[in-house]
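Participant: One structure, pasted below without further comment.
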Amino acid sequence: MNGDHMVLGSSVTDKKAIILVTILLLLRLVAIAGNGFITAALGVEWVLRRMLLPCDKLLVSLGASHFCLQSVVMGKTIYVFLYPMAFPYNPVLQFLAFQWDFLNAATLWFSTWLSVFYCVKIATFTHPVFFWLKHKLSGWLPWMIFSYVGLSSFTTILFFIGNHRMYQNYLKNHLQPWNVTGNSIRSYCEKFYLFPLKMITWTMPTAVFFICMILLITSLGRHMKKALLTTSGFREPSVQAHIKALLALLSFAMLFISYFLSLVFSAAGIFPPLDFKFWVWESVIYLCAAVHPIILLFSNCRLRAVLKSRRSSRCGTP
């Protein structure tokens with residue numbers, strides 16, 4: 001899903017790998033279309049009504065970052081296959097990497113803030129801190145967005161410095177992409193600079209996400225356990241709302257976890273890029289990315305309303 005460090009100079013000729021690459025591209029298109037629809041639907045409502053629920057603001061921001069991220073990865077994939085012998089840190093790939101680093105960090109932080117918002121608003125803990133956060137969190141939304149912009153920009157600049165230094169070293173020593181000395185310098189920089197920076201950048205939002213997810217699942221479990229003791233049980237509207245939220249959160253968590261693992265595996269070089277196992281893993285990741293927008297479409301009331309209005313307009317009903 002990341003497309004961060006594809007090692008160029010090798011080609012995929014195996015028929016199975018070619019099929020997986022084709023499936024991967026189709027899944028990317030589905031993910032782009034799904035996130036594009038979410039962004040357009042909520043974005044238009046935001047512009048027309050001049051207001052939107054804080055949760056939906058985070059959702060449209062996440063959809064927009066996902067949409068742009070998928071587009072950048074698609075562009076990088078096309079460039080890699082058109083120019084397989086290009087140096088991984090040439091100006092074109094540096095430009096694409098700059099966009100990818102920013103959008104990747106933005107996606108992680110938007111996902112994290114959305115999980116924080118779900119946890120605070122849906123969880124039924126009686127601790128005074130939760131009651132205080134319920135009243136304050138909505139007003140903090142602009143600062144949450146500004147903080148993600150600042151953190152994403154800062155880490156993107158650090159990544160760009162490392163990438164640019166490797167390219168300058170490549171030009172200075174007239175190294176070839178397959179040169180042993182050049183590869184050793186790249187490996188040293190990637191191992192002792194880029195990899196630790198990536199782990200710090202990616203682990204911070206992931207840790208917050210997991211804490212919020214555990215708290216929310218614990219709260220929902222307690223609430224549904226109490227509901228079983230009532231006469232209405234799972235037919236209680238509040239319980240059904242919690243179940244829908246839990247399903248949406250679980251799909252969200254699966255996508256987040258798979259995305260985080262893909263970043264770590266790619267940075268650690270566990271799956272050799274352009275290898276068959278690499279494409280199998282990428283296909284699984286993008287399957288989650290393609291399914292998640294569909295789940296959001298049916299779990300979000302505003303998005304469901306947009307779908308119903310589109311259906312009614314196509315059928316010619318008022």
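A Cβ is built for glycine as well, from the same backbone N, Cα and C atoms used for every other residue.
Keep in mind that this is a model prediction, so the values were computed, not measured.
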Participant: Any idea if Phe110 and His292 are on the same membrane side according to Swiss-Prot?
Facilitator: yes
Participant: Transmembrane segment per Swiss-Prot sits at which of 41-61, 62-82?
Facilitator: 41-61
Participant: Using Swiss-Prot as the reference, determine which range in 160-180, 265-285 is annotated transmembrane segment.
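Facilitator: The listed stretch tagged transmembrane segment in Swiss-Prot is 265-285.
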Participant: For the topological domain 'Extracellular' (256-264), how many residues does DSSP put in helix, in strand and in coil?
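Facilitator: For that range the per-state counts are 9 helix, 0 strand, 0 coil.
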Participant: Against the transmembrane segment (41-61), which of these stretches has the most C-beta pairs under 8 Å: 89-109, 129-149, 184-204?
Facilitator: 129-149
Participant: Near the transmembrane segment (89-109), which residues from the same chain, at least 6 beyond its ends, have a CB less than 8 A from one of its CBs?
Facilitator: 2-4, 62, 65-66, 68-69, 72-73, 75-76, 79, 147-149, 151-153, 155-156, 159-160, 163-164, 166-167, 170, 186, 201-202, 205-206, 259-260, 263
